[in-house]
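Notes follow the structure.
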């Protein structure tokens, strides 16, 4: 195992806090907020607004990244792999679209920027070859998993019973993002040119995007 892969494996162990429940526990369909008691009147509106807005923006950006990758590599041997991950991201975005309506959350004003930046990042890294695209996937999905874990901790501290079904959504999506991370490593992400520098640059951009999308 290379030193970079060993570091990545250690990072993943930190990300996967606790025992991972099988996806069947969460359900593969849309989770309805019917039993947890979440209503517009009894939730922490500021916290829920921030969570839903930034997650919607993140899933939208992820969709644009995969769209950019498919534009370059869609006809290559790795095209079906990218398409499979993109299809899951489409489901994530659909869910957060529903949550935005249900809880009356406005989208970030930066959506036009994430539209262009996401596609450019996906296409640009794909132009480096399969390895570049997968390095992008590893960097982005690791950042998203960290972010989802922070949200899980916030909701657990607030009221785990009240936010149970929102927690289920976030945990399920986190686990799928971690699958994408592993897929990237399995498809030679670490062989991308200047892998470490590329990963750090992408993750710095992700951190900035999260900060801005939560607030604007």
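Glycine too: its Cβ is placed from the backbone N, Cα and C atoms.
Taken verbatim from TrEMBL:
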- 59, 89, 92, 177: Fe cation 1 binding site (BINDING)
- 89, 141, 177, 180: Fe cation 2 binding site (BINDING)
Densest Cβ neighbourhood among 92, 180 (binding-site residues), 10 Å radius: 180
Closest of the binding-site residues to residue 141 (Fe cation 2 binding site), Cα to Cα, picking from 59, 92, 177? 177
Could you list the residues of the same chain, at least six apart in sequence, whose Cβ is under 8 A from the Cβ of residue 89 (Fe cation 1 binding site)? 59, 62, 63, 66
Applying the rule Cβ within 8 Å of the centroid of the Cβ atoms of 89, 141, 177, 180, what extra residues of the same chain belong around the Fe cation 2 site? 62, 85, 88, 137, 140, 144, 176, 178, 179, 181
In whole Å, note down how far the CA of residue 180 (Fe cation 2 binding site) lies from the CA of residue 92 (Fe cation 1 binding site). 13
